[in-house]
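Q: The domain 'Cytochrome oxidase subunit I profile' annotation in TrEMBL covers A:36-552. According to TrEMBL, the feature transmembrane segment maps to A:12-35, A:56-76, A:135-156, A:227-249, A:269-292, A:304-328, A:340-362, A:374-398, A:410-430, A:450-471, A:491-512, A:584-600 (among others).
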Amino acid sequence: MDLEKFKVHGGVLIYGAMVSIALATLAIIIGLTVFKKWGYLWREWLTTVDHKRIGVMYILAALLMLFRGGIDALMMRLQTAAPEMKFLDAQHYNEVFTTHGLIMILFMAMPFIIGLMNVIVPLQIGARDVAFPRLNAVSFWLFFFGAMLLNISFVIGGSPDAGWSAYFPLASIEFSPTVGNNYYSLALQISGIGTMLTGVNFIVTILKMRAPGMKLMRMPMFTWSVLITNVIIVFAFPVLTIALALMMFDRLFGSQFFTMANGGMDMLWANLFWVWGHPEVYIVILPAFGIYSDIISTFSKKNLYGYTSMVASMVIISLLSFLVWAHHFYTMGQGVMVNSFFSITTMAIAVPTGVKIFNWLFTLRKGRITFTTPMLYTLAFIPIFTIGGVTGVMLAMASADYQYHNTMFLVAHFHYVLIPGAVFAVIAGFHYWFPKVFGFRLNERLGKHAFWWIIISFNVAFFPLFILGLMGMTRRMYTYSAETGFGPLNMVSFAGALGLAIGFVILVYNIYWSTRYMPRDTTGDPWDARTLEWATNSPIPAYNFAVVPTVTDRDAFWVSKQENIPLFKDQIKKIHMPSNTGKPFILGVIFFFFGFFMVFSMWVPAIVSGVGILITLCAMSFDRDHGFYIPEKEIIATEKKLRGETV
Amino acid sequence: MNKKGPLYALFLSLILLLPGCSSITVLNPKGPAARTISDTIILSILVMLGVLAVVYILYIFVIVKYRAKKSNEGYVPPHEEGNKWLEAIWIAIPIIIVSFLSVVTVKSTSAVENVAADYKNQKPLVIYASSSNWKWHFSYPEEGIETVNYVNIPVHRAVEFRLYSFSSITSFWVPQLAGQKYAMNDMLTTLHLSADTVGSYLGRNSNFSGKGFAHMEFETLVMPQKDYDGWVKDVKETAQPLTEDEFKALLKTDFVGRKTYSSNHLTFSPPPGNHGDHMSHDGMEMDMDNGNMEHKENKKIHPSPAPSSETIFDGKPDTEVQPVDDSTHEGHH
């Protein structure tokens, strides 16, 4: 076999990455062996079907990817910090910004949000697990191995290099002959299937598994946002699936859907990509709105203002999100009519979004606001995201977009939307729900340090890009000459990127520090919060609620605390639980190999692993396992222990 | 806690008001199309500053006034369901703002997609601008000349660029003269621009197209009509003609400097949008067997929205190259 195609040529960085991946893998293997944790890892994590553990694994993977994508970002900012930098060459720069985009959107923001929804949504609706726990494990492992497949592209064969939007014909075999975009089509496909399954799972969970009395209009706002998000997932992801499949045919089997020859249509790819791609933005932003709503309500000690209009605005946003895709290519020459239509639908989204901003402000009004770390991120979100929002309206104007399109102005805009809109939200949610999952809070002082580093550096890093865009600097340029005058502002931006890196390092250090030194929380409700997840113990027992709660109002837990209405009326009875299974993990592993062999056109092993996938799926379908019961005694003992009583 | 709002407002207004801040190319227009867009941008920034101001004032007010402090220790915030009048206000006002901006958008988009008002009575100078990895080719069909990586145009003259690509999608952009437009391999797009000041303006491809993307720049030199005529005459007399072989070699070369030819490639390699031959214009593989004609017919109109009978069923090959020109359908709105 020709080993040459596996190699990536590229100097110190690539070899550094190879060595660090090899060392990290070795360290993990040795660590697990020395501490005899293989069995623990397999029994408690790799085979788990518990929504909380799956959620934690999603979040861990997302944090890992945050650092991978963050290093990409630092490399890009360093390369453009000054004119004519020689740090990366064009090919590497192209690979780095492509993987930065893919990883941050698909393997950081999405899994972080899916992780939080996994941990929290069943608790918020008073359920014991998601509707299909095994399917949930399948979702996670497909996502995880899809992400790993994309990541190894950096050291085996080369990364995708046509931008995260992979426009054709640039991404065709003719102009991108390395295996990079094969990785794109397969890695995204595998993790995309996982996401689609998550969509189905959570719609069913929220519609069918709510506790008695939890009507739809009594659900916490985060659960509402997750429901709407998953509806978007179910409608949007099939488009990506099809587009990626056609791309794979083009690249591996010589079909001509998007190529230049034989009637292929490059514009079709752009349309399909953005028909998925724009709703995707709302897939990561709507849950963020939900997280913020819950946090604002908790820390201003008030119910959410305008609950009904909050729900309505999310529904409207979800509908509009499917009607705006062409604003990503006003410059394709559709003419005045089409561009005007998409301008107006795009600007229309500002209306429901504005409603949400004002509802949040009026929730704060007359409240009693405490500035905890999660609340700080939430409060920083409002002014920063509003800048992202108003620049979005500016970009929506087709004529003006002819000047913003493809420039740093656009880059600044979507970072002003996605970082406060998604990243701050998941960090806020992470700090907020951390004590629920692990039973202790993160340190507030360190949390606030990280917060100020991140907020200030974010603005230093991204505000200059608005001006650079208006100066005519386009995105994805790996270098520029000194005469352009782009140098100073890019240097400022690089300084901001460094500050962001420091902020994230403090954030992670805080996790380590708090794990060692923070006191245990035995109340289960450290923030004096309002929704059901705080009604159970922290850390959450496997069965979530010893007794299923009965809900009488919105903010069910708050109402029960204020008015002394008991949430848990029934006696403790034995609880039915699903058993762990290793099959989803095995399925993920086989999918990984299938993807890898497909990437390199190694047909025989690809067919063998394809058959393996079918066999595993059959085995899962015919699995006769009816779960097990946790006996009463054990539940009572667990409950006592978690409340800090001696058994 | 967070008082960056006014700072931003100050910052933005400084950028806008700085007199002679010529490095902000987009807001330093030298032609009617770019000027229309620049005015639109400044107007939208002002409106958006107003929106930001409202949000920021409210925001600072609530987080200062309602923060937890020693003096309001026992305060129990009220339960508020919402207020339909207040909510109606913050639905209605954004709708008014968005409607206003929609009108501005439709008007300005229509303006820049057509020949500028002052130039309507002129016969536009047609230039085919085509991109290949990683160069720009400018073909002047009337003058019968061709340049690479620079384009000369007369001042105060309507110019119609017809854009297409020999490889990836690129975007033709001279920020001081007009907004950008894609150049694609399977269809022509049209960009109208005019310059009202003599000078040299940087143009570039703004759409990522691979390794050489960062270097894909060209100079747009705007000169008086007399100088332009002199230049054309000069080129006709002194430059070499562009042969098919030379053009093929040129397409295969990644980077070249400026080139000038006394004939153009349109004669042997017609642009897309024309029936029959646009599939083979770059002299590569492309066999033309079964079933392709129908698809190409679709392509010719795609994605023009006008449901016009003359485009779909008119099988007659045009003798002259017809661009897909949306403006002819929609300019009357």
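The backbone N, Cα and C atoms fix where each Cβ goes, glycine too.
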Q: Among A:227-249, A:374-398, A:410-430, A:450-471, A:491-512, which stretch has the most Cβ pairs under 8 Å to the transmembrane segment (A:56-76)?
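A: Highest pair count goes to A:491-512.
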Q: Looking only at residues six or more beyond either end of the transmembrane segment (A:340-362), which have a C-beta under 8 A from one in the stretch?
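A: Beyond its ends, the transmembrane segment (A:340-362) has Cβ neighbours at 289, 292-293, 296, 304-306, 309-310, 312-314, 316-317, 320-321, 323-327, 330, 382, 385-386, 389, 392-393, 396-398.
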Q: Honestly, do the transmembrane segment (A:304-328) and the transmembrane segment (A:227-249) touch, with at least three Cβ pairs under 8 Å and pairs 6 or more apart in sequence?
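A: They are in contact.
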Q: For the domain 'Cytochrome oxidase subunit I profile' (A:36-552), report the average pLDDT of the model, please.
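A: Its mean pLDDT is 94.
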Q: For the transmembrane segment (A:491-512), give me same-chain residues lying six or more residues beyond its boundaries with a C-beta closer than 8 angstroms to one of its C-beta atoms, as numbers and ranges.
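A: For the transmembrane segment (A:491-512), the far contacts come to 63, 66-67, 70, 73-74, 77-78, 80-82, 427, 442-443, 446-447, 449-454, 456-462, 464-465, 468.
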Q: I need to check the long-range neighbours of the transmembrane segment (A:135-156): which residues 6 or more away from its ends have a CB within less than 8 Å of a CB in the stretch?
A: 6, 8, 14, 17-18, 21, 47-49, 51, 54, 57-58, 61, 65, 68, 95, 99, 102-103, 106-107, 111, 114, 118, 179-180, 183-184, 186-195, 197-198, 200-201, 581, 584-585, 587-589, 591-592, 595-596, 599, 620
Q: So are the transmembrane segment (A:450-471) and the transmembrane segment (A:12-35) touching or not, going by 3+ C-beta pairs under 8 A with a sequence gap of 6 or more?
A: no
Q: Please indicate, using numbers and ranges, the residues of the same chain that are 6 or more beyond the transmembrane segment (A:269-292) and have a C-beta under 8 Å from a C-beta there.
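A: Contacts of the transmembrane segment (A:269-292) (Cβ under 8 Å, skipping residues fewer than 6 from its ends): 105, 109-110, 113, 116-117, 165-168, 171, 220-226, 228-229, 232-233, 235-237, 239-240, 242-243, 246-247, 257-258, 314, 317-318, 321-322, 324-329, 332, 356, 360, 378, 381, 417-418, 421-422, 424-426, 428-429, 432.
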